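Presented below is the structure to which this report refers.
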Amino acid sequence: MGVTKSDFLPEESFKSWGNYVNALKETPARLADRVLTRSSVEAELEVKARSQNEMKKTLSWWDLIWFGMGAVIGAGIFVLTGREAREAAGPSVVISYAVSGLSALLSVFCYTEFAVEIPVAGGSFAYLRVELGDFMAFIAAGNILLEYIIGGAAVARAWTSYFATLCSRTPGDFRITVHQLSEGYNELDPIAVGIIAIVGVIAVLSTKGSSRLNYVATIVHIIVILFIIICGLIKADTTNYTPFMPFGPRGIFAASAVLFFAYVGFDAVSTMAEETKNPAKDIPIGLVGSMVITTTIYCLMAVTLCLMQPYQTIDPDAPFSRAFESVGWGWAQYIVAAGALKGMTSVLLVSAVGQARYLTHIARTHMMPPWFAKVDTKTGTPVNATIVMLAATAVIAFFTDLGILSNLLSISTLIIFMLVSVALLVRRYYVSGETTVENRNKLIVFLLLIIGSSIAIAAYWGTSESGWIAYCVLAPIWFLSTLGLWIFVPQARIPKLWGIPLVPWLPSTSIAINIFLLGSIDKKSFIRFAIWSGFLLVYYFFFGLHASYDTAKEFERKGIKEGRLEEGQVVSAT
């Protein structure tokens, strides 16, 4: 059966040009409706039906731990460690990993509560739609899709680097240089496109099959990592750890912002909640367990690399392989390269599974065309979404340098994680129809102070080389705001199955760290991010807004008949 216009734009606003013109005239009122309207858990669960077929519940906490490790341990540790140690942090790159790991772990806790309470494939998009409304969810959705496309592209580019090492060649031998293109986009990488295509076929065929393949790849990967740590420490030279912080504290945090890339992927595991047998048990164990193990491994590998050779001589493309060559163990570089390739293949596979499920759930709300939401009857997987996302990933991987990708990826990810932490505070402290106006206003004030003071600290860090007085003013504002939220605003919702500890301190700290790391990312990356955000807004105002508005109103009419409404529903201007 062929693809028709109704597969992409079935909503009333796009039935005719007259309808579309009328919809554009109503853009301000519709935007107000979408900004003020929050979805409900019931609504998010109901939209699963728009995929025509259910995803199969086949995953346990054991699957999720391996998926989590498979999703995370890849290009970040095997490539970016060398770059950041050489150019930004020196041996103190281990602290950079610890900082970004702490930030990621705090975000993981926030994700677990949402994933248990809202077990759908939409991940952070669904969570933000329930707590912060449709508009904020769409902004997050665009960044989520960008995160996955860029993340997959970066891993595929790094795959080529280690493949070159395995073949005793340099990455440039496998890339095609086109001098007419701009620097950073002129080294074409056909091998990256090939590995993405292979992974795509596996991801389309079966989620459980992907899980089994991920087991094998990750087990081999862990064995190679243990080999790197043990054999690397045998060849350690403690003089290489002097100086420990050659670039000072700024170097540590600058590296930490980039190395956050190494933790990207765990949120893909939260998208598998819909396919998990027992979300209340499996998701917390799977997510938190994999993140703790991963952070420990990263820190040990960073220590090992910087003990093996001086940070100034670390190879930026394949640091661990070349490190063994530099200490006279040339044969070991091939074991390391093979293990790195296994690990990065796992990352690509889990990323392919996760990004398709994000797009599936976004399309269920019609913010993206519903054609992407279809789940194949035979495989039980979202084939359309998987193919389209991987095609976009392949195009980016073909052209774009890893350095450009890693910085842009970190911005998107840190913003999403920050929004999820904000959403968790809203979820705990605000329930429509139950929270008093006074407590709602207190919550808004304290949230604005927490976010505002965090932004001010990050901005001051990014612009001031030696000042410290502003920190003495802004840090207490953040602390007192969190304390005020804890003391003066009662929690309006207690989690039914699983809740994170130390609310509001844990999510507030997550907000502060994520925003602070943003202050260490370079200006060019923010310009690229602004261009992407502008593109998102154009799409939303001309298509996504009207499609999701029509879909929500249809659900609302159905809800009225069945005695059910979206939480916080406002009256339509039409």
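Backbone N, Cα and C define each Cβ position, glycine as well.
Remember, TrEMBL labels are computer predictions, not curated facts.
Under the heading transmembrane segment, TrEMBL lists 64-82, 94-114, 135-156, 213-235, 287-311, 331-359, 380-399, 411-431, 443-462, 468-489, 501-521, 527-549 (among others). Summarising the annotation, TrEMBL assigns domain 'Cationic amino acid transporter C-terminal' to 498-548.
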Distant-in-sequence neighbours of the transmembrane segment (411-431), which means Cβ under 8 A and at least six residues beyond its ends | 103-104, 106-107, 110-111, 113-114, 124, 127-128, 130-132, 136, 140, 143-144, 146-147, 150, 257, 260-261, 264, 267, 439-440, 443, 447, 451, 485, 489-493, 500, 503-504, 507-508, 510-511, 514-515, 517-518, 521, 525-526, 529
By Cβ distance under 8 Å, which residues at least 6 away from the ends of the transmembrane segment (443-462) in the same chain are close to it?
-> 253, 422, 425-426, 429-430, 435, 470-471, 474-475, 477-478, 481-482, 484-485, 488-489, 508, 511-512, 515-520
Can you check how the pLDDT averages out over the domain 'Cationic amino acid transporter C-terminal' (498-548)?
-> 89
DSSP composition of the domain 'Cationic amino acid transporter C-terminal' (498-548), residue counts helix/strand/coil, works out to 40 helix, 0 strand, 11 coil
Using a Cβ cut-off of under 8 Å, list the residues of the same chain at least 6 residues beyond the transmembrane segment (135-156) that approach it.
-> 31, 34-35, 39, 74-75, 123-126, 128-129, 189, 192-193, 195-196, 261, 264-265, 268, 344, 347-348, 351-352, 354-355, 358-359, 362, 367-368, 389-390, 392-394, 396-397, 400, 402, 405-406, 408-409, 412-413, 415-416, 419, 532-533, 536, 539-540, 544, 548
